[in-house]
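Feature list (source: Swiss-Prot):
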- HIS38, CYS83, HIS86, MET91: Cu cation binding site (BINDING)
- 1-98: domain 'Plastocyanin-like' (DOMAIN)
Amino acid sequence: DVTVKLGADSGALVFEPSSVTIKAGETVTWVNNAGFPHNIVFDEDEVPSGANAEALSHEDYLNAPGESYSAKFDTAGTYGYFCEPHQGAGMKGTITVQ
């Protein structure tokens, strides 16, 4: 299982780390690090066949530091995701499930 920060310690609008590798059946937990509103959105074109992008996404904002969201990944492959309000700033991430 892996934890990803929403926002760097420096305040940068990034997922930290932006790329993680896990085994099938493991969980990724995103934690709001900086107090900016962030969410986690998976694009249906950026997930493996058979994975449910909508079910993995957390479109409601995590506003306060320490707020978190977890998702379990059962299907092997590469998952691309982004933060909706900060996508233009390059706030994107990748999860590789083995």
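The backbone N, Cα and C atoms fix where each Cβ goes, and this holds for glycine too.
Positions of the features from Swiss-Prot, shown on the structure.
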residue: HIS38; record: Cu cation binding site; Cβ neighbours (10 Å): 26
residue: CYS83; record: Cu cation binding site; Cβ neighbours (10 Å): 26
residue: HIS86; record: Cu cation binding site; Cβ neighbours (10 Å): 19
residue: MET91; record: Cu cation binding site; Cβ neighbours (10 Å): 22
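As a summary of secondary structure, the domain 'Plastocyanin-like' (1-98) carries 13 helix, 46 strand, 39 coil according to DSSP.
The Cu cation site, placed at the center of the C-beta atoms of HIS38, CYS83, HIS86, MET91, has further neighbours from the same chain whose C-beta lies within 8 angstroms: LEU6, GLY7, LEU13, VAL14, PHE15, PHE36, ASN39, PHE82, GLU84, PRO85, GLN87, ALA89. Taken as a whole, the domain 'Plastocyanin-like' (1-98) shows an average pLDDT of 97 in this prediction.
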